[in-house]
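What Swiss-Prot records for 13-23, 239-258, 492-503, 519-533 is compositional bias 'Basic and acidic residues'. Residues annotated as compositional bias 'Pro residues' in Swiss-Prot: 311-331. What Swiss-Prot records for 336-372, 380-389 is compositional bias 'Polar residues'. Summarising the annotation, Swiss-Prot assigns domain 'Velvet' to 25-228. Sequence annotations record features per position, and here Swiss-Prot assigns region 'Disordered' to 1-23, 39-60, 234-533. Positions annotated as region 'PEST' by Swiss-Prot, on the basis of similarity to another entry: 439-479. Per Swiss-Prot, the feature motif 'Nuclear localization signal' maps to 39-44; the stated evidence is similarity to another entry.
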Amino acid sequence: MATRPPLSPPVNETEHSVSRITREGKRITYKLNVMQQPERARACGAGAKSSADRRPVDPPPVVELRIFESDPNDDVHKTDITFAYNANFFLFATLETARPMAQGRLAPTPTFPVLTGVPVAGVAYLDRPSQAGYFIFPDLSVRHEGIYRLSFHLYEETKDSKDADESAPIRSPMMKGKPSIPKSFLNFRLEVVSVPFTVFSAKKFPGLTTSTSLSRIIAEQGCRVRIRRDVRMRRRGDKRSDDYDFDEERSHRGRIPDRYSTPDAYANPVERPRSTSIGSVDPAFSYGPEASRRPSATEYGFSNPQAYPRAIPPAPAPAPPSSSTPTPVAPIAPSRSSSYTSHLSFGATRTQYPAPQLPGTPQSATTPTQVYSPHPTYTHARNPSTSTEYEPMPSGYPPSRLPAERSTYSKPLPPIRVLHHSDPTTYRAMANPVPPRAQTPSNAAPSLPPIASISAEYSNNLPQPPSNLAPSPNREPRGFLWDTRAAASSKRPHEDAFSHSERPLYNGMRPDNDSYPSADRRPSDVHRATLLSDRDEMAYKRANGRMATKISPAI
């Protein structure tokens, strides 16, 4: 079977020219040249979303126009009058199939236009790449896939009568008083076609290339042309075997050093016996070799251990245990400078304030018969008078006198109803005392007898009421509360760390007055001891070493 010979290209493909004679007898030659041919396009379809997903022909077609003037008898000597010629030009583009199709016997079904976008372009006079007129089509799209050509039709609107065609009728002058239809005419000059290009479907579209140099030159001169600086080509053919395996291996190799080269800061530590102590210390961060541990929280009757264990500093000067009264055992540490010990004691103060929801710890003020604990109570969230965890016995009371003072306490204190304190957890802990737990004997910290009320024994030694005591200018009023804890020598008082204006004010106090100035108090406050003489007086020692007394609260 004989093959069909290839179709010969049309005569007006890529470049075409035509000439005409004007009324003045001049020859005008029009020359069109498709400088940038369309190469590919993606079919946009005819659905509802076709206009939104429309892809223009790539690269955008560019057609150059040149106009020459010459003598009718001499075609050799031509003058380029493209910029000097006074006329309007526009180019209209249509879509044609590259292969002509035979007409069927039946009537063809009506179809909608296949070419969409902006098929009309006006002339733009540019200096580059050469001085000429250019028609640019940056927004042309094709709906269906196939092989097509673009056909460009040039139309001219003459402005001067001398440039009209030789056979054109002479226009009659318009009357000024009678309006008439505008008599402007468009003349078809010539047609040029592009080379065939392919329109692909969405699945077969190879992608877009970078913008050509001609598109960049035109865009630099102010024309509307889309510029792409990267290649958007789709990879065709079989997939390489290492396309995805390489990425997986690379990511796998990248994860291995991250996991094994750098040690994990939160890895499981070396197995060691756990301690139930509130402040268990890691052996790697201990302050001395084989520092003895303090008794655990269960031995002191605490219900919850501390959430974050911290290092426990050693006591500055632990008192040696006597035969009559045992004292708590403090951790043994090597001798260090006093400044370093004071720094550790100050840093350890913050470790004594966990969350204030620790019930079950009886207060010595409400339950005088509870078992003594060397730890401070955890009901105060921020107590400035808290010292180190192991506090020595009060120096004002001999240890041998404490057992005998238990019998001097005649009656229990009445329940407390009104407390002037800023911590709400103190009210709950003191209003509802919990019976003390049975303490388990321990070799590390033997229990001590409770500190009972000394109102009967020291009533003669303290005749003045609390209001007549010489107050310290830096003393902080705490309301009707009792603090049985002693101060360590390295503990800074609260007044050294906080200013005078930060003290809470009670009972009509003012920031510029003393804690309990006797001159500014009412007569009822001055004679409180006389009016309330039948109540018990409680004596306690403050953090700065001063002895003070308190009257039991009213029922």
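For all residues, glycine too, the Cβ spot is worked out from N, Cα and C.
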Positions whose Cβ lies under 8 angstroms from the region 'Disordered' (39-60), at least six residues beyond its ends:
112, 116-117, 136-145, 150, 197-202, 205-206, 208-209, 211-212, 215, 225-226
List, by number or range, the same-chain residues at least 6 past the compositional bias 'Basic and acidic residues' (13-23) whose CB is under 8 A from its CB atoms?
29-34, 37, 72, 161-166, 168, 189-195
Can you tell me how the residues of the compositional bias 'Basic and acidic residues' (13-23) break down into helix, strand and coil by DSSP?
0 helix, 9 strand, 2 coil
Helix, strand and coil counts within the motif 'Nuclear localization signal' (39-44) (DSSP):
0 helix, 3 strand, 3 coil
